[in-house]
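This report concerns only the one structure given below.
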Amino acid sequence: MIRNYLKIAWRNMLKHRAHTFINILGMAIAFICSILLLAAVYHEFSFDKFHQYKDRVFKLYEFHNLVKGTELGATMGYPVATYLKKENIGIDKVTRIKNSGREIRNGAKSLEQGINLVDPDFFDIFSFRIIQGQTRSPLDNIDAIVLNQTTATNLFGEQDPIGKPVEIKIGGDWRRLIVSAVMEDAPQNSTFKLPILARTELDPNWARTKEEWYEQHHNVYVRLTPHVSQAQVEKQLRLFVQKYLHPDGASLKRDGFKADANGDYLGMRLLSLNNLHFNTEIGSGDTVSKTYLYILLLVSIVILFIACFNFINIQISLSFTRSKELGVRKCLGAAARQVWGQLFWENFIQIGFSLFIGLLGVATLIKILTLYNFFKLDHAVLYNPQMAVSVCAIWILISFLSSGYPFFILNKLKTTDIFKGKFSIIKSGIGRNILITLQFITAIVLICATAICYLQFQHLRTASLGYNTSSIVSIPVKDVTRGRDISAKLRMRLASNPSVVSVTGADVNLGVGKDGSTSKSQVGFSHEGKNIKTTYISADYDFLKTLSIKPLEGRDFSVAFSADTSEAVIITESMAKQLGSGQLLGRHINTDSAGRNGWHIIGIIPDFHLYSMHNPTEPLTIAIEGNASLDYIFVKVNTKNPVATMDMLKKIYAGLEPDAEFKGSYIDENIDRWYKKEKRLATLFSVSAGIAILLSCMGLFGLALIIIHQKVKEIGIRKVLGASVANITGKVIREFVKPVIIAFLIAAPIAWWIMNLWLEDFVYRMDMPVWVFPLAGVAALLIAILTVGFQSLRAAKANPVESLRSE
């Protein structure tokens, strides 16, 4: 029986080649978009799921309950991990993770790779597979180092690296270590891309800061004891904070703190590893909003729904030409299930072809997108059992729906009416209007969502960061211990160049440069009975001049003041507010951090965004420390030829650091890299939404074709009675205007609710652009008029004799 179904299905597909082609092409496009979106969403939700103890691993973060809102921070001081292990509070394993240096060498062979300092518990918390060497506790020895597979191959080639010495540069000094293990490269869906791991104690500042709670520069991850919940540990963390940090409620309240429901002004909490990738405020790596992923998932479902709707419409329109065939089958005694079986297998084959083309298209697109670094999706996601089951379920479900609905309609028709041609597929005006309204609700919501996504990302990219980002070149320094010397020499060589305005530097980059490195350091101290916490950066002369930041009070760092390299600091407004009222300029602030002489405030500047607009501005202190590293040099230029200027800087810099690869980039480019992931997802969403709207137009066109085909005799009679082409066209179009208005009234609040929910994920969000909603309504109305107008005009111009011949 199935063989006969397939044979007849194949013949019908060949007989109606045009409809078959449109069906397969439309569904193939829908499958490509939907599967690609599903693969992208699945990839994002699969982050860090490969870790064995993922449900028991958490990132430690702290919170400050202020009157203006709650501030969160994830950087910790060295004692936190030390004392968490000592306390019996339900924590099994603890590790710190700190970025520290980028240079490693094996004899004459050297590489630039991120070096991360961790604790021995690291491999008991995270499941990075050891493929060579010591599989258990590879970092027990302080002189041990673990490399990932790529780094080991680049350094040693085909040689066995285990037991071989390498040198890493930390704090300006080379440290000789022994390779104890090689671990597998981290998968694409890993938050942590850690090519080199060494012990925390190798930090040159370890001896000075190992008991400094408020000098914060690394993250802490913990693994909970089995059968201990997050809530239980967080309850114990309240006692931990009281024991070691001694927060004074009265003092904190005076400083602008407020107590939460538990009576805490500040404290520590846990962020699950399962949610790390989705927390844009304190997450690690390339974070993404869950709301945005749900929107993408919704778009993929909408695309499939529209494509299926279009497929059904075409199948219904084909029933006009195949009605007599179905009538003959019923006369010859075909059972209802046999008629349905024929329709099912025809649709099953066509959707199967579409799915095959769609999978080929997705595989090709993934390869292209990965090649051009747009998306890094693994082909394995297509062969994942969950993905395979989902795709097969969609195939069968759409086959059932697309055959079930036409069968339901055709099965109710009388055989005599079928042979006479006296039947209507869509009799109910209500049913027809519901179909039209659903199409336009989809179109309006997608138009609104696309516009608001674009405007929000433009808002992030163009919002003022508090400094001038244009025409500043950022140059990563390879030998950071020579950073200040290189900066001074570069300043001297460029002094006579009219296209160079100023030269400065810092130990952190502005934006994300070509080296891909980011870092953050925070310090804390007690001042007049208040706990002070500030982000801290070490900069160079002319820092404010280069960034075009005007001091509210005081001055910039200058070579004319020799004391600037020891105690001078520039603070932001929010830092000044922490220190209290009164005259701060010129004051000496005592800090209780070991090895610090205190700070002399020489300037106060407006708050600015040292990091992306995903996070609020923080209190910031800028200093020049003569012995501190300078990781980046910033050159302010005034030129109309940025490419030539970059080439000039490359040549000059090669004379200062000849063994370093020049990775200069403009700050504007670095800022864009902050939002690279959002830009990719927004592009994917916009293209998908555009295709969904196009498919929606095709569906509306098919629906209009069915309706006008049913009205062809009515139109003929109206023409005979003297109706003009304009009157007939207008009457048909008016039938679609009312559903558009109803669709707008339903879609506008839905779109507002969804997009407002999405905008809440942003610390700096634009106001909801109200004008987008009526614009989307007008666009939907134009789509309806243009789509339906063509068919109605064609019907109105047709010869009425042809439609009334049988009457």
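Cβ coordinates come from backbone N, Cα and C, glycine included.
Predicted, not measured: the structure shown is a model, and the values here were computed from it.
Look at TrEMBL and you will find 20-238 tagged as domain 'MacB-like periplasmic core'. As annotated by TrEMBL, transmembrane segment applies to 21-42, 292-312, 353-375, 387-413, 434-457, 681-708, 740-759, 771-790. The domain 'ABC3 transporter permease C-terminal' annotation in TrEMBL covers 298-412, 688-800.
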Secondary structure of the domain 'ABC3 transporter permease C-terminal' (688-800) by DSSP, residue by residue, totals 94 helix, 0 strand, 19 coil
Averaging pLDDT over all residues of the domain 'ABC3 transporter permease C-terminal' (298-412) gives 75
Across 292-312, 387-413, 434-457, 740-759, the most C-beta pairs under 8 Å with the transmembrane segment (681-708) come from 434-457
Sequence-distant residues near the transmembrane segment (434-457) by C-beta distance (under 8 Å, 6 or more away from its ends) are 295, 299, 302, 305-306, 309, 426, 675, 678-679, 682, 685-686, 689-690, 692-693, 696-697, 699-700, 703, 736, 739-740, 742-744, 746-748, 750-752, 754-755, 758-759, 762, 765-766, 768-769, 772-773, 775-777, 779-780, 783-784
